[in-house]
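Working notes, beginning with the structure itself.
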Amino acid sequence: MAPAASACAGAPGSHPATTIFVCLFLIIYCPDRASAIQVTVPDPYHVVILFQPVTLHCTYQMSNTLTAPIVIWKYKSFCRDRVADAFSPASVDNQLNAQLAAGNPGYNPYVECQDSVRTVRVVATKQGNAVTLGDYYQGRRITITGNADLTFEQTAWGDSGVYYCSVVSAQDLDGNNEAYAELIVLGRTSEAPELLPGFRAGPLEDWLFVVVVCLASLLFFLLLGICWCQCCPHTCCCYVRCPCCPDKCCCPEALYAAGKAATSGVPSIYAPSIYTHLSPAKTPPPPPAMIPMRPPYGYPGDFDRTSSVGGHSSQVPLLREVDGSVSSEVRSGYRIQANQQDDSMRVLYYMEKELANFDPSRPGPPNGRVERAMSEVTSLHEDDWRSRPSRAPALTPIRDEEWNRHSPRSPRTWEQEPLQEQPRGGWGSGRPRARSVDALDDINRPGSTESGRSSPPSSGRRGRAYAPPRSRSRDDLYDPDDPRDLPHSRDPHYYDDLRSRDPRADPRSRQRSHDPRDAGFRSRDPQYDGRLLEEALKKKGAGERRRVYREEEEEEEEGHYPPAPPPYSETDSQASRERRMKKNLALSRESLVV
């Protein structure tokens, strides 16, 4: 248009109509040498929720459409924080920005500042159909769509800022080739709290909230208690049965009932108790105690060899169990029907087993099976002292008056002692002292090793092979009818080791006190005092007795066979045999009571 204008101005003298026609022709058909470009952003302000998609639109106009321009999107941070200013509108900075905007209507304090004081990054570049992302946005789902639209498929923290759209063309150098759009990314806040995904709770009344909290607390403590009982059944204090596992009780109910029955005397409903107290009206007399004895030599196996009472002195047949299942049935006590392999029940099993055998001294129900039952805690059928690992220290033997005056090897007899030096009268005053009750039995056999010497050949007695069998009970300790019990056949060195009971506490002594046969014998020697025997028994130690027992047992096991039964004697009358049988039977019953 510049040449046309100069041509119209350079013809002042021509016809005016011709001049106007030429000017219009030049204006219409003569183009300019360069055209301008225009870039615009329809929506310069965007607010989007985090992780939501957004598109920043950008359009441009240019005169040359033969070549495609280069579209560049740049990111520049805000000069001031819009979110902070929105929450504090009365701040000094906000008031200053308001004054600047009022004085300059086109001024924007959040966008207009130098690039050196803010962050500048290239987001994406497009030339033709090729889109290239900047280094900071590699891997993000960002692209340029249409002519120059920037699209975010998912926004992120830090995307808030100012995005500039620039269009560069080599042929269109004039015009406005840049425009910007503001983007603010906010976090999502819901109007009502979400308890569950997709579920929104509306306004809740105060009283309803309190009820819900109380019910939740009660349910929590209930579940906690049930779980505690299931994990620790031996320490729980709640006697309830869990519905999740009814076969396994969460408390030792059977053990609790059994212990209560054992202490209060009420019979248990789980198992018959042998330790509960009986009512006074139904209390039976105490049954005779069983004394397991050692079998005599050469007799059947109805005797228990491993059981002993009082140093193997009394021997009586054992009352054996008729049914083996009875013993196990009684010993089982209070049984909890549970798996013994379960770790949580092992302690319970041990406790109820100990409770079942808690106090064997209490009498049980008056039946033969329970009376014959033995406790697993303490029993007369335990191993004897020879098999125990620990032994009591032996006490020093105490000598008597006779021991101090005479040597143990002295052959002096009791008839040679003056009467004033002998003890005062009492039962068995004419008998020498022995080391044990078994030694008293050996005194009756002059040929035995316990007597210390053999009987004289003039006495006409039988030797060891023809001696009667040794008695292991206290029934045959002394027989006044036997001539072997005369004082001249005893050795005085056994006087120091006599072991017996107090004649006043022994029921057999009371029985003998009424026996006219013993009265005649005691009258012959009234100088013996039975209290001296009791005093000697209290002073004797266990070591000497055990040594004598062990030596005697080793000697018998090594080279001696059981003696033969005594031969039949024509001199023994029928009355004498019957009298001895009655006496042995009565004393055997007394030994059972003892």
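Here the Cβ of each residue, glycine as well, is placed from N, Cα and C on the backbone.
Here Swiss-Prot flags 375-387 (among others) as compositional bias 'Basic and acidic residues'.
According to Swiss-Prot, the feature compositional bias 'Basic and acidic residues' maps to 435-444 (among others).
According to Swiss-Prot, the compositional bias 'Basic and acidic residues' annotation covers 472-550 (among others).
A 10 Å cutoff on Cβ-Cβ distances gives Cys165 (disulfide bond) a total of 25 other Cβ atoms nearby, all chains included. Marked as disulfide bond by Swiss-Prot on the basis of sequence analysis: Cys113-Cys165.
Shown for the domain 'Ig-like V-type' (89-181): DSSP residue counts in helix, strand and coil, namely 18 helix, 35 strand, 40 coil. According to Swiss-Prot, the feature domain 'Ig-like V-type' maps to 89-181.
According to Swiss-Prot, the feature phosphothreonine maps to Thr283 (among others).
Taken from Swiss-Prot, the feature phosphoserine covers Ser308 (among others), and the record attributes it to experimental evidence.
The annotation phosphoserine is assigned in Swiss-Prot to Ser314 (among others).
According to Swiss-Prot, the feature phosphoserine maps to Ser332 (among others), an assignment based on similarity to another entry.
The feature phosphoserine is assigned by Swiss-Prot to Ser379 (among others), with a large-scale study or a structure entry given as support.
Taken from Swiss-Prot, the feature phosphothreonine applies to Thr396 (among others).
Residues or ranges marked as phosphoserine in Swiss-Prot: Ser407 (among others).
As annotated by Swiss-Prot, phosphoserine applies to Ser473 (among others), with the evidence given as similarity to another entry.
Annotated phosphotyrosine per Swiss-Prot: Tyr478, in sequence order, evidence recorded as similarity to another entry.
Summarising the annotation, Swiss-Prot assigns phosphoserine to Ser576 (among others) and lists similarity to another entry as the type of evidence. Classification of Ser576 (phosphoserine) by DSSP places it within a helix.
As annotated by Swiss-Prot, phosphoserine applies to Ser588 (among others).
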Cβ neighbour count within 10 Å of Ser576 (phosphoserine): 12
List of residues, in chain order, with Cβ under 8 A from that of Cys113 (disulfide bond) and at least 6 apart: Cys79
Rounded Cα-Cα span from Ser576 (phosphoserine) to Cys165 (disulfide bond), Å: 144
